[in-house]
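Enquirer: Following this message is one structure expressed as C-alpha cells.
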C-alpha cells in the first residue's frame, strides 16, 4: 500500500483548525503516523530520487507537522529543499504551482516557528523567495498562478510572507479568483479558497487560541439545485498520442445529456450508448473524482501519465469532471498525456 501522506496531512490540518478536544492522545498517534509516512514515502522510492507519492503530498506532510508544532528531521527538510533548488517539482516544460506553493508554506512555517537552526532558516527563506518570484513571472493574463485551483495555494504564500499588500500580482490573482468562485464546489477546494478570501493562510492555524474561538460550526441544509430544463449534445473524443496506444483516436461520438449535466454525467451517458464501447473509471480524491481510466487505458503516477481534459481545440479545463458543465455543441477531448 502507498503511504497516505497527503490525506493524513490534510486531516491533521483540518483537525487543528477545528480546535480538537484537550486530550492529546488520538492526535499524538496521528502525528506519529504522519512522521512514519514521510519516511516511508521517501524510502519506498529512493532509487527514483523522489517521494513515492508526490512532492505535493510530501510538502503537505511537513506543513501539517509544523502547524502542530512538531519538529521534522533536517534530512527530511533538505530533501524538499534540494528538489526546489534543482527544479524537480515541475514536469518537463510544465508547471507545478500548487506543489511549489505548499513547499513554500512548509518552509515559511518551519522558519517562523523556529523549528530549524539559523543556517537552515536562511536557506528556507531564500527558497521561498525563489518560489514567489517564479509565481510572479509566470502569472497568466487571467490573474491565475497555474490554474484556478492552484491560485489559492500561491496566494497563501504571499499572505504568509506578508507580501500580499505590496505585490501587484496578488491583486490580479484576487480579481481572477472572485470572478471564478463557482469553480470551488467541493469541500477540499473550498477549504483552500476560503482562508484566502479572509486574508489568511494555513499557517494561521498554528497560532489559533482555541479557548477564544467562537463555535461557528453549525450545520447548514443547502437548498437542492434545481434541474435546468432542456437538453444538450456534447461531442466526446478520446485521444491517446502515446506510443503504447494502438491508435491516436480511440473514440469520437455525439452524446446527448440534460442541460445541467456535468462532464461526469456526460461520461456516464456515453457508457450507456450502443454499442457500449466507451468505458471509464474514476478515483476518489479529496478534490473530488479523478479520471483514472478511459477505454481500458489507465493513467498511472508511476509512469507520469494522466488524462488531460480539453475543450476543443486545445483549451485546458480549469475544473474537474464533476464540476465542469459542458455547453451545447461543445467538443470535449480526453487525452492521455505525460507530465
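Placement of Cβ uses the backbone N, Cα and C atoms for every residue, glycine included.
Where the annotation comes from TrEMBL, it is an automatic prediction and has not been curated.
Sharing the feature lines straight out of TrEMBL:
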BINDING   53, 54, 55, 56, 57, 98, 147, 192, 307, 308, 309, 317, 339  cyanocob(III)alamin binding site
DISULFID  66-109  disulfide bond
Enquirer: Please compare the binding-site residues 53, 57, 147 by how many other CB atoms fall within 10 Å of each one's CB, and tell me which has the fewest.
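Expert: Counting other Cβ atoms within 10 Å of each of the binding-site residues 53, 57, 147, the minimum falls on 147.
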Enquirer: Measuring Cα to Cα, how far is residue 309 (cyanocob(III)alamin binding site) from residue 109 (disulfide bond) in Å?
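Expert: Residue 309 (cyanocob(III)alamin binding site) to residue 109 (disulfide bond), Cα-Cα distance: 34 Å.
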Enquirer: Nearest to residue 109 (disulfide bond) by Cα distance: which of the binding-site residues 53, 147, 307 is it?
Expert: 53
Enquirer: List only the single closest residue to residue 66 (disulfide bond), chosen from the binding-site residues 53, 55, 147 by CA-CA distance.
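Expert: Checking each of 53, 55, 147 against residue 66 (disulfide bond), the shortest Cα distance is to 55.
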Enquirer: Fewest other Cβ atoms within 10 Å: which of the recorded positions 66, 309 wins that one? Let me know.
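Expert: Selected from the recorded positions 66, 309 on minimum Cβ neighbours within 10 Å: 309.
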Enquirer: To see if you understand the setup: which same-chain residues, six or more apart in sequence, place their Cβ under 8 Å from that of residue 307 (cyanocob(III)alamin binding site)?
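Expert: Long-range Cβ contacts: 291, 292, 294, 299, 334, 335, 336, 337.
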Enquirer: Looking at Cβ-Cβ distances, which residues of the chain lie under 8 angstroms from residue 55 (cyanocob(III)alamin binding site) while being 6 or more apart from it?
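Expert: Correct list: 80, 83, 88, 89, 96, 99, 103.
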